[in-house]
Amino acid sequence: MKFTLLSTAVALLTSTAVALPTSSSSAGSLLNERSYVNASSTATTCPYSRRSPAYCAGTAQNRTLSATYICGDSRLGPVVLPQFFLPLDPILDIYDRFGGLCPGAFLEKWFNQTGSGWWDYPPQNGFSVDDEGNIIAANLTLQTGTFVDRFGSEYGSFLAPAAAPYLQRSLPPSNLNGDAKFPWNYHVYSVIKPFAVLAGPIAPWFGQPGQGVQYQTYENVATLIADGYLKAEDPQRLVPRNY
């Protein structure tokens with residue numbers, strides 16, 4: 001497998017954080033789908049409102065779960081997204097979870113109904129590629145004191161610079177399904193001991209533009225914690241002290 005590291009990517013890989021808003025003026029409620037159109041979505045928007053019976057066509061609609069998940073289908077993510085809840089509010093700002101599609105059309109495009117029975121994840125582990133199809137990535141050492149995060153369990157092996165916008169991560173909406181302990185499935189970590197990762201820009205996928213930075217680890221997050229490389233942190237540590 002070939003890897004390409006362009007000079008422009010070098011600067012990208014050295015980024016270890018994305019600035020959070022310093023005021024409460026960022027958009028809060030994401031309960032209505034946005035008309036935001038990005039590089040991997042079409043220029044159309046779903047013609048139905050969430051109140052329309054047609055909105056949930058093509059989903060595993062479950063009315064008993066409709067207050068928890070969109071259309072009562074856990075694949076589509078939670079109904080309620082952060083509103084005035086730092087640091088997650090700005091991370092999810094302008095996020096259009098279905099990339100302009102109706103829920104059923106989104107599942108038809110991105111979910112493998114007949115094969116794996118799960119999401120069709122991007123090739124090359126989600127890294128962007130050059131014009132010849134080579135992965136744009138390089139080994140990078142995360143230094144002590146760096147903050148990273150992820151939307152997902154500790155058994156995964158991908159991290160991102162802390163507070164990077166969700167739309168830059170090219171993740172499916174189900175990654176936002178959390179619980180009382182970890183709202184919206186959000187986990188923050190600090191680097192305790194330096195360790196190497198494969199770092200590079202993220203390809204557009206799941207109707208999202210991507211182009212953030214991802215760190216693919218050589219052990220899963222749970223192992224990195226157990227071995228003393230990462231420490232779980234309260235997400236509130238990302239909120240500016242004078243906020």
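Residue numbering: from 1, along the chain as shown.
Keep in mind that glycine also has a Cβ here, set from the backbone N, Cα and C atoms.
Here Swiss-Prot annotates a disulfide bond for Cys102; of Cys46, Cys56, the partner residue is Cys46. Considering only the recorded positions Cys46, Asn62, Asn112, Gln214, the residue whose Cα is spatially closest to the Cα of Phe151 (NAD(+) binding site) is Gln214. Comparing Cα positions, Gln214 (active site) lies closest to Asn139 out of the recorded positions Cys46, Asn62, Asn112, Asn139. For Cys71 (disulfide bond), none of the recorded positions have C-alpha atoms inside a 10 Å radius of its own C-alpha, out of Cys46, Cys102, Asn112, Asn139, Arg150, Arg169.
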